[in-house]
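K.L.:
Have a look at this one.
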């Protein structure tokens with residue numbers, strides 16, 4: 001037994017985040033900590049790592065009790081943690097981030113050469129390719145995560161905690177991560193893996209510990225359980241995953257003809273994109289992130305003007321428009337990054353709920369009607385089941401799922417004709433995923449056109465009436481539901497098929 | 001031509017280096033604070049306090065280096081107060097800094113009046129004398145400029161090198177740079193954000209006070225009320241100008257001081273007779289604004305500058 005958490009209880013004010021949770025971990029074992037958002041997974045791991053002090057209970061590593069509230073003690077005992085939101089200094093190099101705090105503070109030298117050599121060795125051993133001299137700000141998200149793991153390995157961590165490590169990774173990067181973890185386990189490390197993606201848990205873990213509302217709900221050996229059982233353990237009265245049947249296409253609400261965008265925005269520009277969004281349909285956009293999704297999304301949201309081709313909104317020709325005009329034309333947006341562009345972290349729920357209508361719906365002769373705004377926020381909280389202490393809560397205190405529900409509610413309450421849903425369920429747990437999908441389905445059934453952008457092929461194939469694949473800024477023809485399988489989409493995602501399509505035309 | 005003549009004269013460069021010295025101390029002090037993520041607007045007041053503390057200590061009978069020590073300790077005291085408010089309590093660094101400047105300035109004037117109630121002109125002390133470094137000071141132009149200065153000037157230059165080395169070559173320096181970039185990652189690596197920031201603010205404030213003390217103990221030999229005269233604010237700009245690097249900050253201080261020395265000399269030439277002297281006084285400031293605009297485009301601000309860090313908060 002390398003690690004034992006005994007009856008950990010942690011309260012934040014009135015909220016009990018962990019209620020007498022116990023957990024143990026053997027050498028070379030991978031335990032998945034599974035649970036909905038707000039189930040207390042991260043809190044539990046932060047207690048283990050010493051960032052929070054438990055109100056009751058204790059942590060034992062290799063038979064020794066850790067003093068509460070000391071990351072230093074946890075690090076020295078051999079616990080390494082990869083946080084969901086990376087803790088890297090961007091303006092420092094990789095090796096500086098990794099060696100930070102590993103030497104006596106008043107030591108005379110950084111011994112940079114030896115440190116870099118050791119990092120290179122570790123990187124080679126664990127298949128974590130990264131240049132020690134690179135600035136962290138120049139790295140991709142996947143590379144940054146490798147740096148985080150190297151940080152732990154550099155300190156000879158024997159226990160590795162990963163908090164939702166795949167939330168920010170592409171499927172390929174996630175596979176690389178799993179390869180690294182298997183390597184680590186071979187070398188005798190033990191891993192705690194926080195996730196709410198069932199297929200990952202089944203693929204990597206030996207044992208699954210399910211948390212629900214801060215309590216230990218169940219422990220199962222992976223070999224003796226199923227995804228369905230785990231799903232039902234995670235969510236009491238598990239919400240049903242919604243069914244999507246094909247519907248006849250409604251009127252064309254938005255048409256792009258031969259649209260291209262400039263390169264000045266950064267990212268991949270669009271090339272000769274032609275597509276139509278029909279009312280009453282969900283149009284799925286499949287593709288590996290960074291292939292022009294951002295440009296297409298910005299185009300629809302009014303953030304970007306086309307440099308070529310035509311953009312038509314029902315009957316209206318659109319050339320160069322603003323997000324405000326987009327809103328006025330009934331386009332609702334669920335942005336890709338709910339933290340950066342979807343919400344203002346230090347505004348409360350009331351303010352965040354009225355962000356898109358503060359000067360129209362909630363303004364009266366230039367003054368904000370706060371009473372109306374508050375009522376609106378309260379209605380969203382009720383209708384969309386946003387779990388929070390109240391409309392005065394700063395939105396940064398909400399979990400990702402609840403934040404997304406507010407964004408969803410804000411978008412849908414305006415009764416939009418076109419809904420831009422960019423990665424609407426990224427990082428959400430099953431309950432929230434089903435909820436968001438159900439709501440999008442209802443909006444479709446009301447006659448709205450939904451543009452769903454996602455990297456998750458399962459999601460795309462389940463929801464979409466029509467699927468387009470985007471690759472290097474080019475758009476495939478639309479495939480009706482059921483007319484193409486994952487392998488077929490994968491080929492288009494890799495860029496096959498575009499050449500023939502060009503020849504054919 | 002007058003201008004060439006000025007630029008070629010040893011006395012001009014010697015004056016530039018002398019004027020630069022207090023700026024170097026204070027700029028390096030501010031740089032250490034900001035590298036750790038704390039904007040220290042107390043600098044102006046801390047320089048006033050340092051100028052007074054060092055001078056009055058020597059006047060009261062302490063040796064010169066003792067006076068420098070007293071000034072440093074006084075500065076560290078105000079730095080500790082700044083740290084308690086801005087780091088431990090996480091209050092707004094702007095408000096705390098301006099408050100410290102007002103407090104340090106008024107406390108200084110108050111102490112002055114209490115200590116010397118009957119005096120109309122402040123007494124003089126035996127200030128630091130020029131120490132000519134053998135051989136090196138005989139080099140034409142550069143010699144008198146760089147190697148015929150007071151010991152405090154040598155200390156300022158040595159300090160710039162020591163800080164550059166310390167920040168980039170030692171574990172402590174790495175930790176200070178990291179805490180100004182990303183306190184969360186420092187905490188995750190088991191170091192104390194509060195201790196690092198407190199230490200940096202206290203040490204940096206001590207240096208600012210020594211910069212003030214240079215004015216009363218090396219540049220002049222007495223204390224006047226408007227002695228510091230905005231030098232602290234110039235140093236804040238010099239930190240930006242130097243892109244938060246000690247070497248560049250040192251050059252920035254010398255450049256600014258050279259403009260200052262230049263305009264004084266220019267006033268005495270033929271040009272000076274035709275142009276109002278206020279134009280000359282303005283020159284270093286206008287040029288430093290211009291330089292700042294050009295330089296700061298590429299500068300990388302410490303990412304966590306002015307961002308308080310509260311442990312255990314979600």
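Note that Cβ sites are derived from N, Cα and C of the backbone, with glycine treated the same way.
Note: TrEMBL annotation is automatic and uncurated.
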K.L.:
What range among B:146-168, B:169-191 does TrEMBL describe as transmembrane segment?
P.N.:
B:146-168
K.L.:
Per TrEMBL, which of B:6-26, B:237-257 is transmembrane segment?
P.N.:
B:6-26
K.L.:
Under 8 angstroms for C-beta pairs, at least 3 of them, ignoring pairs fewer than 6 apart in sequence. Is the transmembrane segment (B:64-88) in contact with the transmembrane segment (B:198-217) by that rule?
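P.N.:
Output yes: the transmembrane segment (B:64-88) sits against the transmembrane segment (B:198-217).
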K.L.:
Which one, B:146-168, B:198-217, B:278-296, has the most C-beta pairs under 8 Å toward the transmembrane segment (B:38-58)?
P.N.:
B:198-217
K.L.:
Any residues 6+ beyond the ends of the transmembrane segment (B:146-168) with a Cβ under 8 Å from its own?
P.N.:
13-14, 17-18, 20-21, 24-25, 28, 31-32, 35, 68, 127-133, 136-137, 139, 176-177, 207, 210, 213-214, 217-218, 245-247, 249-250
K.L.:
Sequence-remote contacts (6 or more beyond its ends) of the transmembrane segment (B:278-296), Cβ cut-off under 8 Å?
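P.N.:
Same-chain residues near the transmembrane segment (B:278-296) but 6 or more away: 234, 237-238, 240-241, 243, 252, 255-256, 259-260, 262-264, 266-267, 272.
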K.L.:
Under 8 Å between C-beta atoms and at least six residues away from its ends: which parts of the chain pack against the transmembrane segment (B:198-217)?
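P.N.:
Here the qualifying positions are 21-33, 35-36, 38, 40, 42-43, 46-55, 58, 64, 67-68, 71-76, 78-80, 82-84, 86-88, 125, 127-128, 152-153, 156, 159, 176, 179, 223, 227-228, 231-232, 235.
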